[in-house]
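These notes concern the structure reproduced below.
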């Protein structure tokens, strides 16, 4: 009986203990639902997502400074998450210790003391201390530091946070996700500019090979056209596509470009007619021989001995009909051959006429060229020693000069009078790599063979004024020089243009040319004024010092 009382009292103590522990747990949960004195409601709301992950292990983040051992879970060896404390004074992550109790038995993993789940109680102090520790952002490239309670808020807008692309499953930075989805993702949908069809970007090359409205080039004539038109273009329009002769059915085996087909038809008309005549002859013989062959007639008479007289009469008339058709075909062939002969004569006459006309055209062109030369010569004789040379398209010459290509230009010839000396100008744009004269305009005068050379005194003597005209302000760049009769440049030329010239290698720098209004509407004006001296007794002077003169 005492034993029963003892057992009963033990059961009552156990029941009362269970009721007390349940009550304590309820009070603890109610206490956790209220904010702690050291935590504001905003802090609780920010770290709510962290606390909601209490079923995970500790915080696997980098602390700065490093985490102290007192805040480290002995089970997962990471920072305590939802820290709880045991009656024996040890701290664990709630999830770690509960899993340890369920899996390894009801004992503390540190000192093996008996431990039940209902004996665990939250360690709010440790939790607050851990949440206020400084951690580094785990995203690669981010150097931000913040308290642990603010880590989730930072990760939600960190520009180095990586997310997975829903289209290609590739990890990209959250800040670049929109750009990746719209411009870089290989699985994004794009629209074909030709057919407006939508397809995956990675299949773009395949679509280009199949798009019916894509621009393609003909393999024969290199013409750009729509793919749907390519087949019909090659079959009917392309001038360089290979085609068979129109008379290929009759036996011509030639193949050529479509543009050469007409020439082929003209050159081989007689051969084509013979092919056609031979074909018609073979067709006629193949069509009439079976009906007129002896074997066929004998077999027919043997099988129709008892037929009527009308059928016999019609059968006897068939050979006559075939002979008449053959006679007509022979006449047709003869007529075609006659036409071929006449066309051959016509072609020969046309060829002769064409040759004659070509020679006449060549003669007319020659006369036209000589007349143009005479007209230019007359125009040059009207210059009276003053000539303005219009150098058009000057920007193109400057581009060639900047690219390092030599630019040498010669003006048309002009005369100093009537009678007078014939001269021309040479303008040279020096390249940037030219020694001692890079990026300069060189200007020279050359003597030329003229109409009045036999009436003039040689060597040429006189004063030459060269100028590049300022087309805006009238501040022309002028240089004056006296001829040197001893130089080869002023002797009577033995070729159309004297290869030796006289002038200035560094006439004007290109930088000065760009700074002022020398070039207008892409035209450069070069003026040359020549005053010859016909008195050979005059003193021959050297080159005078050059310098700018008043505006022309």
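Placed from the backbone N, Cα and C atoms, the Cβ positions cover glycine too.
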Quick one: sort out which of 153-199, 341-387, 388-434 is the zinc finger according to TrEMBL.
153-199
For TrEMBL, the entry zinc finger belongs, out of 97-151, 207-261, to 207-261
In TrEMBL, which of 68-95, 264-291, 292-319, 460-487 is tagged region 'Disordered'?
292-319
Pick from 326-381, 494-549: which range does TrEMBL record as coiled coil?
326-381
Integer mean pLDDT for the domain 'RING-type' (73-112):
90
Please spell out the DSSP helix, strand and coil residue counts for the zinc finger (153-199).
16 helix, 11 strand, 20 coil
